[in-house]
């Protein structure tokens, strides 16, 4: 006789419902500490539970999954696919419904990678956070210079450039003379806009508090850059140690470099048996048009919601591959460009094709063969 359990997980509590094929229910509430989860595990063992289903509620399911994954067959389900009937919403009834859906095999499991991929993914997500913080830090530095009426960004387009950083460091050191600051600007910039225009843009009014804040912002920027590099090094090291074959396969694809390959592995792993077809992987990544049709009319063909981290990495790779002359993705890009498609739609199409190629390479355990794919495109 099969016995299953449904868990309704909250920040500070877990509602458990054990259900067998005869309809017998056992319900109990637990805390979320490690001791409470282990006590719940012993109760589940006592009732000979084989399968456990839970909703992907924020990050609250992760520690429970970690503590139970070695003893039970776990199922993680998108809450959107397990909605309770209206008027029957309570924590206990939610747990009952989850258990019932699992017993009747009405649940569709979400993709949960193994422990190594999850650890690798943490570095990738941290890099995404750092990139956002770096942009904010650059914006704060530029806003502070604008506040001091130093219009450097009017002539130096990138705040990461050497000229920009030299001027900022000089201001922190107490140098406010425009004659001295203009000497730090690259000669090409000065020749392009004229020395007098650049000199005038550097005539500002900076006080001690501005210098102190500039120093804090630059220190934060440097620290974030260091942390980003540490995460990148850790990701590349783990990929070389744990997934050397898949890592080398991805590096043969045009447009994919070390960082992109590591991020792709951190999101999909190296086992393509988890995705039945390339189309399933493309759909999971959110790179396929949605099915939004009613009365024979197509309402929308926008891409679906999917893994935004994987999609972003693939879009960046697609932009690079589209500029790699002679590659199959280069020809694909210009073929769609000739059809007057929008640039963003073309990049999505190239990214979709790249992900299909990635699934094929990891499934067949082979390097990317440019000649093979070019012949295949020509034949089609």
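Residue numbering: from 1, along the chain as shown.
Cβ atoms here come from the backbone N, Cα and C positions, even for glycine.
Taken from TrEMBL as is:
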{"type": "DOMAIN", "residues": "6-148", "note": "domain 'Transposase IS110-like N-terminal'"}
{"type": "COILED", "residues": "120-147", "note": "coiled coil"}
{"type": "DOMAIN", "residues": "249-325", "note": "domain 'Transposase IS116/IS110/IS902 C-terminal'"}
Report summary line: Counted with DSSP (H/G/I as helix, E/B as strand, rest coil), the domain 'Transposase IS110-like N-terminal' (6-148) has 70 helix, 28 strand, 45 coil
Query raised in the report: Cβ under 8 Å to the coiled coil (120-147), counting only same-chain residues 6 or more beyond its ends: which ones?
Result: 113, 153, 159-160, 168, 171, 204, 210, 213-214, 217-218, 220-221, 224-225, 227-228, 231-232, 234-235, 238-239, 242, 262-263, 265-267, 309, 312
Report summary line: For the domain 'Transposase IS116/IS110/IS902 C-terminal' (249-325), the averaged pLDDT of the predicted model is 86
